[in-house]
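Everything on this sheet refers to the single structure shown next.
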Amino acid sequence: MSNRVMIFDTTLRDGEQALAASLTVKEKLQIALALERLGVDVMEVGFPVSSPGDFKSVQTIAQTIKNSRVCALSRALEKDIDAAAQALSVAEQFRIHTFISTSTIHVESKLKRSFDQVLEMAVGAVKYARRFTDDVEFSCEDAGRTPIDNLCRMVEEAIKAGARTINIPDTVGYTLPSEFGSIIQTLFNRVPNIDQAVISVHCHDDLGLSVANSITAVQHGARQIECTINGIGERAGNCSLEEIAMILETRKGQLGFETGINAQEIHRTSALVSNLCNMPVQANKAIVGSNAFTHSSGIHQDGMLKSKNTYEIMTPESIGLNRNNLNMTSRSGRHVIKHRMMEMGYSEQDYDMDTLYDAFLDLADKKGQVFDYDLEALVFIEAQTEQDDHFTLQALAVQSDSVQGKASATVTLNVDGHDATQTASGNGPVDAAYQAISQASDCKINITSYQLSAKGEGQNALGQVDITASYHDRRFHGVGLATDVVEASVQALIHVMNLARRADKVADHKQRIKQSRDFTTV
Ligand code: KIV
Ligand code: ZN
């Protein structure tokens, strides 16, 4: 059996479905490109039947990604499989992933069917999906709690029907590593046609065992691990890709497995996913937490100075974390910025040099010194800005008296080409600025969460504001970054307003198409 373990990333499907606000198509594409650079074998990027937005993002990613296989999810239903096949058909090679629950509790309580009926649906779905592609994956949802005889039967029949990958999820994160290992071992011992499929595992982290379970499964013959960046996903999340990749790399001598992951891209991909998904990474998270390579106690620092391997089992550089934080000033020329970006792993396609350099000079004037993380933040913000933004900030002036608890703000907003200026008061500068924006625009947004964090170190950090807001029953995530936290707050709100406005336009357009279609049918 080969020692190559396939990495199947489901950040954009299982991870995304657990977010407070959905990602835009553009954000999903940014993540897909980062996953491709990271070297994932397969990326599952959505559930096309679930919404037109999901369909569109699967299609856009399938059109763009060339070096990883793009996959979409479907229930064991023909209409789901049709939608997945249609969205993926623009790709050169794609995978359809179809699933149904197999545990007694799911079969009886959720599906309200007998196990034999479910078996028949699974076989039908796999055969139907094979009409569109040879690459069909079948998942036994809640396999971890499925009676082993039923699981063996289901796996054998799905392989007979044409599934080339069989996924064994621990959907509720319940099994212990020894139990999960024994499930995989039993499948290898008892399913006669098991050699005709790759066995995959998909573990959730409810008891913090998803990574241990996945590694144990590989030791018992599984050769695909399903995981997400930063472990994002339903409830306590999914198995974390970066942990799996670094375990298999750091303990290769003991475990003996290979992956196609380019570990140098881990840090950057993790930061991108955390920012776009508005899911901060806990400081002590393995591999990608901000403390993962920090040595705090005197004894540890002393050991590190004498020899790095006293307390370091892998280097920060191995995951692309550069400790060499050069600072730049307004005297740094374009070639310095370009060179620095290249050293940080960015290619010229990742950003627009003119826009980046203008933003850099602007920031250097305000801060004096600009660091690597500032450049990364500028690239991130540039990627969020669209040419056709309906609202742009022209001017912002605030006055605040914290003792009296009073503040006022004057905001000039460009609304579709026309400047509108409003002054308002509030219980603090952010509140006052938000009131002024609300008066200057026709956009009434309901903010459901507001987070302020520091991007960078110490006094030199930029303020980052993330807000989640609801508008016409949809949720949006906006982000703002600036040296001034009120300005960052205003940018985050304007970002959300532009997203909401764009969603309105798409809805209007669809409505007009529908009306003209209804008219033609009459
Ligand atoms: O957790 C799970 O069982 C799933 C399946 C759809 C694979 O996400
Ligand atoms: Zn899952």
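Heads up, the Cβ atoms here are built off N, Cα and C, so glycines get one too.
Taken from TrEMBL, the feature domain 'Pyruvate carboxyltransferase' covers 5-267. As annotated by TrEMBL, Mn(2+) binding site applies to Asp14, His202, His204, Asn238. If you look up TrEMBL, you'll see 392-522 marked as region 'Regulatory domain'.
Positions of TrEMBL features highlighted on the structure.
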| residue | record | Cβ within 10 Å |
| --- | --- | --- |
| Asp14 | Mn(2+) binding site | 24 |
| His202 | Mn(2+) binding site | 30 |
| His204 | Mn(2+) binding site | 24 |
| Asn238 | Mn(2+) binding site | 31 |
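The Mn(2+) site, placed at the center of the C-beta atoms of Asp14, His202, His204, Asn238, has further neighbours from the same chain whose C-beta lies within 8 angstroms: Thr10, Pro169, Thr171, Cys203, Asp205, Ser210, Glu226, Cys227, Thr228, Gly233, Glu234, Gly237, Cys239.
Taking H, G and I as helix, E and B as strand and the rest as coil, DSSP gives the region 'Regulatory domain' (392-522) the counts 52 helix, 58 strand, 21 coil. This prediction places the mean pLDDT of the region 'Regulatory domain' (392-522) at 87.
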